[in-house]
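Enquirer: For 302-311, the entry in Swiss-Prot reads compositional bias 'Basic and acidic residues'. Annotation comment: Swiss-Prot describes 312-323 as compositional bias 'Acidic residues'. Residues annotated as phosphoserine in Swiss-Prot: Ser5, Ser132, Ser322. Per Swiss-Prot, phosphothreonine is recorded for Thr315. Marked as region 'Disordered' by Swiss-Prot: 299-323.
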Amino acid sequence: MYHNSSQKRHWTFSSEEQLARLRADANRKFRCKAVANGKVLPNDPVFLEPHEEMTLCKYYEKRLLEFCSVFKPAMPRSVVGTACMYFKRFYLNNSVMEYHPRIIMLTCAFLACKVDEFNVSSPQFVGNLRESPLGQEKALEQILEYELLLIQQLNFHLIVHNPYRPFEGFLIDLKTRYPILENPEILRKTADDFLNRIALTDAYLLYTPSQIALTAILSSASRAGITMESYLSESLMLRENRTCLSQLLDIMKSMRNLVKKYEPPRSEEVAVLKQKLERCHSAELALNVITKKRKGYEDDDYVPKKSKHEEEEWTDDDLVESL
């Protein structure tokens, strides 16, 4: 149950300002680490600002959702929601300058398949990236290297409560206890659209799954010109608790505002920021512990040396071919 979950205790926050502080702190910690390494100066223009990191996170989160939407075999919505939540949680406390979101997003999807028991083999998973066996092998190698890091950074809190189950529950409840609405299924399509849009915002980190699901249904009803206040007051028994009803309505309004004010990253801005990001991950600046460790094994002859062609980094272009 959500109310007894690690999600409620550790991953549901009080405000957007709190989320912004956590992200700014992750940005600051990386800057301090890079400066302490003697590789850059404190005000080096190579660094990304917190709002620039957020733009890149938005971009790669959208890429994650696109990847999941065309995945073969079809990926259940619960798996997609779990992967999305992992990605959001990871970059609350980590910087894209240290851990590249391109591989983190795939690792989130890979781990979500396991946790939600979506039976996909490793070759099947990377087979969704591109046809080149070398590209698939390289991607899988990186995913497996980052999987434990991801689990650790999630504090081993791997169970995610998504809004999809309560959403179906509310539809069943409407069919059973709210005869005023003859066909609740007419709300599904627009409500699904709302859930897809709100998944791109921080709502999953701020509100409960049932609040998100109920807001999706009521927003759909509102767009269809259907008034459902009596459902809240009668069926959900909020008539006698006006304070609770008022709070719920305020929460719903806040969620709708999140969706309205969401701005997708502009392609020209993303292109510039990706260049800065690649500079952060270049050999002379990269502080990625996993990369260093792998290089150390190679130096100690634990890992066979690879040809220059095999060492080429897996890139965004490899993902484009799968979409």
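First residue shown is number 1, and so on along the chain.
Backbone N, Cα and C atoms are what each Cβ position is placed from, and that goes for glycine too.
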Enquirer: Can you tell which of Ser5, Ser132 has the most other C-beta atoms within 10 Å, given these are the modified residues?
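Expert: The most densely surrounded of these modified residues is Ser5.
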Enquirer: Quick check for the class: what is the C-alpha distance, in angstrom and rounded, between Ser5 (phosphoserine) and Ser132 (phosphoserine)?
Expert: 41
